[in-house]
Amino acid sequence: MSTTNAINGNLYEQLHQGRTNMYKSKVDVVLGAQWGDEGKGKVVDMLASEVDIVCRCQGGNNAGHTVVANGTEFDFHLLPSGVVNEKCISVIGNGVVIHLPSLFDEVLKNEAKGLQHLEHRLIISDRAHLVFDFHQHVDGMQEAEKGGKSLGTTKKGIGPAYSSKATRNGIRVGELLGDFNAFSDKFKLIVATHLRLFPSINVDVEAELTRYRDYAEKVRPYVKDTICFLHTALRNGKTILVEGANAAMLDIDFGTYPYVTSSNCSIGGVLTGLGLPPQTIGEVIGVVKAYTTRVGDGPFPSEQLNEIGDLLQTRGFEVGVTTKRKRRCGWLDIPLLRYTSLVNGYTCICLTKLDILDTLPEIKVAVSYKKANGDKLDHFPGTIAELGNIEVEYAVLPGWQTSTEHIRNFKELPENAQHYVRFLEKELSVPVRWVGVGKGRESIINVH
């Protein structure tokens, strides 16, 4: 037995020796740590000024990111926020689902605001799946059928498109650019499948095919094998930043299922959505809003259905970029953040919208969950039934009641504001590297 153990031990040691690394650079990742709307776009915009490539890896135009650059506010849904940096290549990866009409509408709207030369610096994966109009119709119908138990979907067709992908009758961008007769046959087949399930949807097949023949030529200049492109970039030492869409608590596996999106918006989705191996990942930046918000239905332990929630909603202008719905608001939730940090492995935190708390005399932070019988939970609940029955315990921290909006040095923040940041660091055992106190990239304070 001891000989076998010794042999196995030596083999295991050998497994970890002599590793070679073909890559000269790493991929840094920006992920939402709550239920979205944390300010990821602003963080990406800040970092994109120093990187070569910015990528989207999952989701579709159900995501909404706002970036303020040189006084102009840009809204992005499919485009990576890094497109505002003209020196940067933007990549839409294979894990993204793309509604081409929405993509080109977004391009036109942002070009009107001054975005230029996208045709030279936007690359779309040939393996990304297409979202069709009938996917959007089905999304709305499925949501309506749920009645009072709706999931709060954006009705952008994202779920049905991922369903088509999973059942292997979806259509990829590369297929649109290949033999158009083969694309037409496949399109007719997927429409017929949906009509059997949803006979009330109306699809003019010939009109759609005419439309997509035009889209094929329009999108063709942007399409590449992004997997080879990214691996070549890494071998050549190019810096790559990934912008996660949605957020950890909306992840199809790790979020508050079924009140989630249809993709993996945690670290695993970065690997599968871009074709990257784990060893390429460098920094994992968790973006945390200084309080918690959620759009749509689903459990929300620290939600404040009172004047505090109203104040946070009003001061934070908490309205969804994509849905235009008011966001639900509540206190910062440490157990939730510990959980998403476990899943994602944050190496640092960017804390955003600290200035929204400026007027409060005291600030509560959710620090633990208790079961109905009073026992403390040592894990994040895996079902919405369990999550709905917990009691939240809060720590009460002193507010600072001073404007932080124009402060640009961490040491100049009010002492209680600094304490709030350090409290989060201590509870998560993850350093807070940046603090946001306003809209533009210039309002992000470097802590260290």
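Just so it is clear, glycine is given a Cβ too, placed from its N, Cα and C backbone atoms.
Residues Asp37, Glu38, Gly39, Lys40, Asn62, Ala63, Gly64, His65, Thr154, Arg168, Thr261, Arg325 are given by Swiss-Prot as IMP binders; from Asn21, Asn246, that same site also lists Asn246. Ranking the binding-site residues Asn62, Thr66, Thr154, Asn246 by C-beta neighbours within 10 Å puts Asn246 at the top. Secondary structure at Lys42 (GTP binding site), as computed by DSSP, is helix. Its Cβ placed at the centre, Lys326 (substrate binding site) has 14 other Cβ atoms within 10 Å. Neighbours of Asp37 (active site, proton acceptor) among the binding-site residues Gly64, Lys324, Arg325, Lys326, defined as a Cα within 10 Å of its Cα, are Gly64.
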